[in-house]
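> Have a look at this one.
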Amino acid sequence: MPMGTHLFLFMLLGLGFYLISALAAKLIPAIDFWIDIVLWVGAAAYIFSHLSFMDGIVSLATMFYCYWTAMDLIVSERVEKPSGDWQEIELAKNKTRLLSDITLTAIVFAGAVIFFIYGPDTSPLKYVILLGMISGGGALVKRILNVFSVKVFYSAALEKLHISSHYETRTYPLSDLKNIQLESTADLLKLHPLLTMYSSRLDLTTSFQQVIKLSLPGETLFLTVKEPQKWKTILQEYTDAENNVDNVISVLPFYHRKNVKRLLGKLYFAASVKGVSAYALLVLALYALHASPWVMAVAVILYWVFNMYMSDRVLRAAMDAKSCHHPHVQAAADKIFRSAGISHVRIYETESDDYNGMAVGMNVGRSMVILTSATLTLPQRVIEGILAHEAIHIKKRDVLSSQLLRFLYLGAVVGIFLLFEQHITHPEAHKIALWAFIMAIIILFQLYQSFCSQWMEVRADNLGASLLDGGYKQMAEALRILAVRQDEDIQKQSAYSSEAGEDELQIDSLTRDKSWFFRLIDFQFAPHPPMYWRVGTLLSNKGHGVLKRWLRDRLKESITLK
């Protein structure tokens, strides 16, 4: 596997190709597409004529990854302030806030970087780490440029708030503002993207002064303004007074002794679940002890099993989940779980503007259901439908099953590659066939994951309906209301983007898509069947032959053009 200087050269080539492409698009747009084609075909021909097949694949993939990362980082020029009467809100800025982000990122990646420097060059893990560093480095660059460029404008006449930075441009109608709160300082453990999951937060904090938190449909905005109390008073006029918290919410620094447990839990999540630093250090330690590849493989599998066992605690820490204190929700959950024949299931809530609920834990005795704060605002019968759906996931051990099925597929792929290594002595003679095989493995993995996941979702919908007083009708109505709320938030978020222009995104997940291609994606690659299908089958089939119908419709909707 190419490493060191050679792989760094291919990274630079990927970046260079994007710069040439961007320059061509600006100077000679009529032929910029063909310039891209010539560059990539020429690069592929050169690489495969000078490197072995697998080294060529790795090198070309590295170039592609750097190309797309550069495309994400280099954006077109944005309008700093829209036309009209706007007042700039002065932001509090200091270097410490940005240095804290950089430090936490370095800590999370430390194990991976150590392995990349000292680990064996032949290890495929080095390539995985390299891609992770490219992605993480790109995200960090975006964060740095956002901090230096962010500006906030307010218009009393238009009743709007405008956010402008190098990568983020939003215009918010203040009529959409749900509530506004002040926090004593920036909560890094809540805002840093490597330490969270399923987050809809837009972190534009630029100091450790008081943070103004604005909740809007589908997203929450965090800013550090110089006069937070003044701007809270102004913006509070646009919200429902009942939803606002008058006092300043106390936030402890991430290094505070009372935050140590929370910090360690999030770092463990970042290093073991969201990243590979922990696995990298484990493999490096065994490599230093001259352990055999089989010992390394067994150790990695055992650590993976340990992480599955600890998944409930790890994810609870990552999501800052707290025990649910809504008596009506807890009472409904207890009733549903008794009907499902399961016990010791805890209900937690996490702060998020996404309408979502998830089952967590690898076995019934250590399971929990986490509901977002947005979900808890839904009608009671909708929450009951979500709880019933998650109860079936827990009863059928779907979280554990999905992990084992994924591991089974990856194990089969590794076995096939080992057979190839034994029986194909000259892979260069079968480049086209091997390339096609690798592409097939990637596509089949997506199909396989989607098939298993959708089967579990269909089962959870229909068996979950039997746990509800309203049966299939209540489950269908719960999914319908959930879909409507999700669609509304997506459309709002699209409208906030200044780049959306007049062609505002229209979302209706309860209507069958007219496009064959999007139906193919929905049924063959998405983790859930389309919502219109789920609601329709609950009302029409009522649990009878629904899995057969799903198999039939999965094929039919994927090949029918109309």
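Backbone N, Cα and C atoms are what each Cβ position is placed from, and that goes for glycine too.
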> According to Swiss-Prot, His389, His393 bind Zn(2+); which one of Glu457, Glu477, Glu488 is annotated to that same site?
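Between Glu457, Glu477, Glu488, Swiss-Prot records just one in the Zn(2+) site with His389, His393, namely Glu457.
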> Determine the Cβ neighbour count for His393 (Zn(2+) binding site): the number of other Cβ atoms within 10 Å of its Cβ.
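Summing over all protein chains shown, His393 (Zn(2+) binding site) has 25 other Cβ atoms within 10 Å.
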> May I ask for the residues of the chain that lie six or more residues beyond the transmembrane segment (294-311) and have a Cβ under 8 Å from a Cβ within it?
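Same-chain contacts beyond the ends: 272-273, 278-279, 282-283, 286-287, 360-362, 366, 399-400, 403, 407.
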> Among 56-76, 267-289, 400-420, which stretch has the most Cβ pairs under 8 Å to the transmembrane segment (98-118)?
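That would be 267-289.
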> These are the recorded positions: Glu390, Glu457. Which one scores highest on other Cβ atoms within 10 Å?
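The largest 10 Å Cβ neighbour count belongs to Glu390.
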> List the residues of the same chain that sit at least 6 positions away from His389 (Zn(2+) binding site) in sequence and have their Cβ under 8 Å from its Cβ, in sequence order, or write 'none'.
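Residues satisfying the criterion: Gly357, Ala460, Asp461, Gly464, Met475.
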> Hey, for the Zn(2+) site built from His389, His393, Glu457, who else sits with CB inside 8 A of the CB center?
Ala359, Glu390, Ile392, Asp398, Met456, Arg459, Ala460, Asp461, Gly464
